[in-house]
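Chemist: The annotation Mn(2+) binding site is assigned in TrEMBL to His111, His113, Glu118, His157. The annotation oxalate binding site is assigned in TrEMBL to His113, Glu118. The disulfide bond annotation in TrEMBL covers Cys32-Cys49. Sequence annotations record features per position, and here TrEMBL assigns domain 'Cupin type-1' to 72-196. Positions annotated as signal peptide by TrEMBL: 1-23.
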Amino acid sequence: MKLFVPLCSSILLIGIFAPKAQSDSPPLQDVCPMAPQGESKLFMNGFLCKHPSTIVASDFKTLLLNHAGDLNNMFRSSVNMVTATEFPGLNTLGLSMARTDIAPSGVVLPHSHPRASEMMFIHGGSVVVGFFDTKGRLFQKTLGQGEVFIFPRGLVHYVMNYGFGRATTFSVLNSQNPGVIGITHAMFTTDSDVVEGLMARMLKFGDMGLSDNSTAGLPWAF
């Protein structure tokens with residue numbers, strides 16, 4: 001009994017001052033079922049690292065975002081995302097990058113990134129951007145060169161060219177594999193009338209000039 005009280009006190013102090021247990025690492029792919037026991041193939045949540053002696057400065061440089069994408073498509077836009085798969089230096093850093101080019105009257109249709117938030121910098125032109133929160137509220141802004149906008153993780157967002165020339169944006173996302181879920185493409189084919197109708201309604205939406213956080217009269221509501 002004499003040892004019981006000091007022992008309990010010691011356990012309590014350890015519980016209070018011991019470092020908190022770290023949470024599980026977030027997944028870097030859509031799904032990851034457990035492999036059967038004894039399966040020899042190795043699959044990691046991420047990529048193996050180079051041996052330190054073989055790391056060179058060029059591992060941390062890329063030219064993949066130095067030119068505009070092909071805008072000759074029905075959306076008149078191009079998104080080029082660079083992840084650790086294309087840019088080895090990003091591995092383990094929790095980062096990826098993207099370049100978006102949009103021709104006049106072009107759009108990037110509603111989509112989301114399940115594993116990342118996105119910070120977008122407007123390099124040139126004028127765009128209308130927006131996202132919906134889980135309560136259906138719309139947060140929309142018209143942005144010009146030099147301005148920055150954030151799309152929170154997992155929320156549906158879109159971008160439209162609001163000017164008369166090409167618009168270009170650069171984004172940083174806080175995952176080396178953010179993932180992209182195209183809301184429209186998940187339900188309809190690219191050349192469907194529904195997709196074309198959504199594009200027309202989105203462009204009309206931008207012209208309406210709705211105030212920030214407004215959800216009234218969403219032009220793509222069916």
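Every residue gets a Cβ built from N, Cα and C, even glycine.
How buried are these features, and what lies next to them?
Modeler: Cβ-based neighbour count (10 Å, all protein chains) for His111 (Mn(2+) binding site) stands at 19.
Long-range neighbours of Glu118 (Mn(2+) binding site) (same chain, six or more residues apart, CB within less than 8 Å of its CB): Ala98, Ile150, Phe151, His157, Ser171, Val172, Leu173, Pro178.
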Chemist: Including all protein chains shown, what's the count of other C-beta atoms within 10 A of the C-beta of Cys49 (disulfide bond)?
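Modeler: Other Cβ atoms within 10 Å of Cys49 (disulfide bond): 10.
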Chemist: List the other residues in this chain whose Cβ sits within 8 Å of the Cβ centroid of the Mn(2+) site residues His111, His113, Glu118, His157, in sequence order.
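Modeler: Everything else in range on the chain: Ser112, Ala116, Phe131, Phe151, Leu155, Val156, Pro178, Val180.
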Chemist: Among the binding-site residues listed here, His113, His157, which has the most company in the form of other Cβ atoms within 10 Å of its Cβ?
Modeler: His113
Chemist: Which whole-number value in Å describes the distance between the Cα atoms of His113 (Mn(2+) binding site) and Cys32 (disulfide bond)?
Modeler: 18
Chemist: Could you put numbers on the helix, strand and coil content of the domain 'Cupin type-1' (72-196), residue by residue per DSSP?
Modeler: 7 helix, 56 strand, 62 coil
Chemist: I need the CA-to-CA distance for Cys32 (disulfide bond) versus His111 (Mn(2+) binding site), whole Å please.
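Modeler: The Cα atom of Cys32 (disulfide bond) is 23 Å away from the Cα atom of His111 (Mn(2+) binding site).
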